[in-house]
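Peer 1: Got a structure for you, written out below as structure tokens; questions coming shortly.
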Amino acid sequence: PLQTPNFTAAMMTRVVILALSCVAMASPASGFVAQPAGGLALRSSPLAASSARSTRGASVGPKMQLQELAGATADAVNAVGGVDGAMLLAKSIWPAPLVDATTAYMNLFAPLLKSLNLPPFLLHWFHALNMGVVLGAMGGYGSYLGWKTRLEPGAAGQLAGGPAWANLGKTNGDLHKTLMGAMALIFFLGANGGLVLTLVQGKPIMESSHFTSAMAGFGLLAAQASLTTRFKTENAATARTTHAFLGSATMAVFFYHAYLGLQLGFEYSK
């Protein structure tokens, strides 16, 4: 079908803006998260207050801001006993009422997890192990099937490889949809579990680049789902192309999210 130039240009523009926004949100080097060598600073820490003051001073040059941030970092690290780490957070980018409401809601489930008396290792790393398997197995194979059906149009209607218990008796195209949809659902449930596990360990939530990158990933998944509604329109070719490349970008964001999670996990295990 004929593609309208205006629609194609608008679609690609939105993809570029969305991708850049997600990279900015997920990156610990962004304006949201600072990563000098130091400990974990909460929103109420001296570092957070100093960082907020430095960003409000429009007349202060970038070099001076960096110098002030470095000085504040040293003060904050000394104040908390010189804890080392790579996940130093100047402040949360999320509104305080949202953080408080989310924390209160997640705390409803904390007593249940505490009552299970899980081993410390499992309590600390269960979320990482669970989500890692889902990302690698379901996300990885689902992405492979997506590109397979794109590069080999005839393969979409063919029965997926492997035994019946693995392919669920579905074609390549249908199994791609099933795997990616299930991955998104498990990620949502796993994110809730990860927040509760973090609270059970007495750690703050929503103040790390790991959390922010998760929100960026969920935003990309929502965009991916919305693109599938255009697959049977006159702009189907553009929508499918966008879906394929944005899908790969989404997986890259989630693998980066996993890397940040490992950093945070090792930081919290000290």
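We number each residue from 1, going along the chain as drawn.
Just so you know, glycine gets a Cβ as well, placed from its N, Cα and C.
As the structure is a computational prediction, the values presented were derived from the model and not from experiment.
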Peer 1: Given 85-105, 211-231, which one carries TrEMBL's transmembrane segment label?
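Peer 2: Based on what TrEMBL states, transmembrane segment spans 211-231.
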Peer 1: Mind checking which residues of the chain, 6+ beyond the ends of the transmembrane segment (179-199), have their Cβ under 8 Å from one of its Cβ atoms?
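Peer 2: That would be 102-103, 106-107, 109-110, 113, 123-124, 126-127, 130-131, 134-135, 138-139, 141-143, 145-146, 205, 214, 217-218, 221, 224-225, 247, 254.
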